[in-house]
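The block underneath contains the structure these notes are about, expressed in structure tokens.
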Amino acid sequence: MAEVKLHGFWYSPFTMRVVWTLKLKGIPYENIEEDRYNKSPQLLEYNPVNKKTPVFVHGGKPLPESMIIVEYIDEIWPHNPLLPSDPYERARARFWVKYADDTVSAIAALRSSVEVEEREKATEKLWEHLRVVEEHCFGDEKKFFGGDNINIVDIAFGSIAKFLEIEEDVIQVKVLEAEKFPHLLSWFNNFKNVPVISENLPNHEKTVTTIKAIRQKALASS
């Protein structure tokens, strides 16, 4: 098998997506830990356009962007498939992956909020995103977005939910309320209790401490 490498950093929700995919498929790889603020020359060479992690390297060929990487891995190693085989269901899965990515900006706005009114507006905006998922994705009482098995939508939303769980502790605000999002919370608990997922989550307390420091630095310079 051609050599597989992953350039990422340990607390990145986008790196998590690729790690989970590789682990779910049992693909051995070399992990190359990047410094978010001092990226390696190799990473900048591999991803000169946006200079971000993760970057997946397969047989010397680099590929950026987490969900593009996940789809690539799923196509190259088709066992334990993450994308539905049916074209319509596959298109629907890609729609919800895009929706998951669209939620990132709402979480970022919540993180950067300082004033009470600003935070309340950011929380309400995020609730709007999550209500759509709550109301449209769990009508059949599914364990996962993929039914009985994790699929690509679980990978996309799983990283977002974990990112949000961390942000809740960073800024001391509750977003994923059980009364508002019972199905979403049930799904997230199912997802993070899968051994392959739980064994490859970053340490929560360490991540919260790290993100707090990043946020304080950003606020101080703004």
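Every residue gets a Cβ built from N, Cα and C, even glycine.
Source: prediction; values computed, not measured.
According to TrEMBL, the protein carries these features:
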DOMAIN    2-81  domain 'GST N-terminal'
DOMAIN    86-211  domain 'GST C-terminal'
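The average pLDDT the prediction assigns to the domain 'GST N-terminal' (2-81) is 97. The DSSP breakdown of the domain 'GST N-terminal' (2-81) into helical (H, G, I), extended (E, B) and coil residues amounts to 30 helix, 17 strand, 33 coil. Across the range of the domain 'GST C-terminal' (86-211), the DSSP-based residue counts are 89 helix, 2 strand, 35 coil.
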